[in-house]
Amino acid sequence: MQNIVLVGPMGAGKSTIGRGLAGLLRRPFFDTDQEIQRRTGVDIPTIFEFEGEGGFRKRETAMLESLLEQEGAVIATGGGIVERPENRELLRNQFVIYLRVPVEEQFRRTRRNRKRPLIAEAADPKARLQELFAVRDPLYQEVADLTLEGKGRRVRDAVKGVCAALQVQRPDLCQPRSEG
């Protein structure tokens, strides 16, 4: 069974929606950032501090490769996963859902979170989000099998919306996994 991989900018709801979708479909759920933290024993800002963004991105690629060995999982990725060509190649054999969220909404959702290294130190976090969106939006679209607008929905409604869209495009992926 194919994996369902969620991509999109920080604050799009990938982890929250992914966890809800995995529960609904009775599939295992993984979050690349959380798995990196779990396996290294340190948080993402610490990795950025000691290894820089390049070091973090290498870890992210290795984690993506590892998680894609799962079958039938729901995987939430970090916002920058699409920047490396090797990651985009890895995503080609998965069912990728792009949760597209306007920069205004991203800013509203992330402005108080100091654990996001790419915006925590920015002089103008909103402008930084806009820059990231300009670079990454075309890359998200390149890898996406399905794009869903993620503005202003409650989690339960967003999860149902993802499942409804899957039901139309790939009904085989929206069937709950059998127990056992």
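Glycine residues also receive a Cβ, built from the backbone N, Cα and C atoms like all the rest.
Lifted from TrEMBL, the feature list:
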type: BINDING; residues: G11, A12, G13, K14, S15, T16, R116, R153; note: ATP binding site
type: BINDING; residues: S15; note: Mg(2+) binding site
type: BINDING; residues: D33, R57, G79, R136; note: substrate binding site
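With respect to their backbone Cα atoms, T16 (ATP binding site) and G79 (substrate binding site) stand 14 Å from each other. A distance of 16 Å separates the Cα atom of G13 (ATP binding site) from that of R136 (substrate binding site).
Closest in space to K14 (ATP binding site), of the binding-site residues given as D33, R57, G79, R136, is G79, taking the CA atom of each residue.
If you take the Cα of R57 (substrate binding site) and the Cα of G11 (ATP binding site), they are about 19 angstrom apart, rounded to a whole number. In this view, the densest Cβ surroundings among the binding-site residues S15, D33 belong to D33, judged by other Cβ atoms lying within 10 Å. Look at G79 (substrate binding site): DSSP puts it in coil. In the three-state DSSP assignment, the secondary structure recorded for A12 (ATP binding site) is coil.
Between S15 (ATP binding site) and G79 (substrate binding site), the C-alpha separation comes to 11 Å. Taking the C-alpha positions, the distance from D33 (substrate binding site) to G11 (ATP binding site) comes to 13 Å. Between the alpha carbons (Cα) of G79 (substrate binding site) and G11 (ATP binding site) lies a span of roughly 9 Å.
Over all protein chains present, the Cβ of A12 (ATP binding site) has 26 other Cβ atoms lying within 10 Å.
Geometry remark: R136 (substrate binding site) versus G11 (ATP binding site), CA distance 14 Å. The Cβ of G11 (ATP binding site) lies under 8 Å from the Cβ of V101, E105, Q106, F107, R108, R109, T110, each of these being in the same chain and 6 or more residues away along the sequence. Its Cβ taken as reference, R57 (substrate binding site) is surrounded by 18 other Cβ atoms within 10 Å in the chains shown.
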